[in-house]
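**Student:** Just lifted these from TrEMBL, have a look:
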ACT_SITE  Glu87  active site, proton acceptor
BINDING   Val170, Val171, Val172, Gly173  substrate binding site
REGION    188-227  region 'Disordered'
COMPBIAS  197-207  compositional bias 'Low complexity'
Amino acid sequence: MADLIFFTGTMDCGKSILALQTDWTHSARGRNGILFTREDRAGTATVSSRLGLTTPAVEVTDATDFWDEVVQRRVHARTVDYLICDEVQFYRPEQVEQLARVVDELDVDVFAFGITTDFRTRLFPGSARMVELADRIRLLQVEALCWCGRRATHNARTVDGIMVLEGEQVVVGDVDVDGRRSTVAVSRPAYRRRSRPSSARWSGGPSPCRPDRSPAGSSSRAGRRRR
Ligand SMILES: Nc1ncnc2c1ncn2[C@@H]1O[C@H](COP(=O)(O)OP(=O)(O)O)[C@@H](O)[C@H]1O
Ligand SMILES: Cc1cn([C@H]2C[C@H](O)[C@@H](COP(=O)(O)O)O2)c(=O)[nH]c1=O
């Protein structure tokens, strides 16, 4: 019996590295899988982790049909045992439904990875459908830490070090054009405190939003907007 499993957590909690590890582990046991992603920070058709691993993948677009992706390969006598789906928050809800059908009717395991909510704490449409349909939802074990020391549970967007609460839902990347952190995982209290317009500026102690506090290896492409 195949499963649809949604691995989720904030940005920077190790989802992509787990996606690549999962692919490695299953392929090492002779299983055949396909690695999918959409709008990875490092570029098109690649799954990249801040830990340094980068692996080619199939780029998902609005036109991608996961049912066809699997059936076409099987028609050509290629085995498909599992799918790894990274950045699933960017998938269309219909595509998540296709993934559920692939699990149920083609007996293909689907391991999906993505953030649940955006910088406004609202669900991404793809993640919402994943939460509704997944057999299991797993929170990542390596919990990102907020600058205040608590467990980070929310994704914040910053412009010039200031948290913003309005803007487009999708802005790919975690640094701006000047190399400064543009998204950062924070605790809910920190998010709420900074949400108030009067205190929206990061202050009082070291902030990971500042360029000199950016984590090593955070060499993402500066924000690319979509939709
Ligand atoms: N230089 C490093 N040394 C050890 N661990 C690192 C390093 N850089 C990043 N990491 C780990 O990698 C995690 C981010 O991995 P990544 O796969 O990019 O996460 P996600 O896909 O969730 O954004 C960080 O939370 C941290 O645990
Ligand atoms: C919060 C938030 C994030 N994004 C983008 C930024 C990154 O490209 C991805 C998350 O990638 P990661 O592998 O989990 O680090 O999502 C966005 O478009 N909108 C947002 O609100």
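From the backbone N, Cα and C atoms, a Cβ is placed for every residue, glycine too.
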**Student:** So which one is it: of the binding-site residues Val170, Val171, Val172, which has the fewest other Cβ atoms within 10 Å?
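**Tutor:** Comparing Cβ neighbour counts within 10 Å for the binding-site residues Val170, Val171, Val172 gives Val170.
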**Student:** Including all protein chains shown, what's the count of other C-beta atoms within 10 A of the C-beta of the residue listed as 'active site, proton acceptor'?
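**Tutor:** A count of 25.
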**Student:** Using the alpha carbons only, what distance in Å do you get between Val172 (substrate binding site) and the residue listed as 'active site, proton acceptor' once rounded?
**Tutor:** 10
**Student:** Can you list which of the recorded positions Glu87, Val170, Val171, Val172, Gly173 have their Cβ under 6 Å from some atom of ligand 1?
**Tutor:** none
**Student:** Any idea what the Cα distance is from Gly173 (substrate binding site) over to the residue listed as 'active site, proton acceptor', rounded to a whole Å?
**Tutor:** 12
**Student:** On the three-state reduction of DSSP, what should I expect for Val171 (substrate binding site)?
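**Tutor:** Looking at the DSSP assignment, Val171 (substrate binding site) belongs to a strand.
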**Student:** To the nearest whole angstrom, what is the C-alpha distance linking Val171 (substrate binding site) and Glu87 (active site, proton acceptor)?
**Tutor:** 13
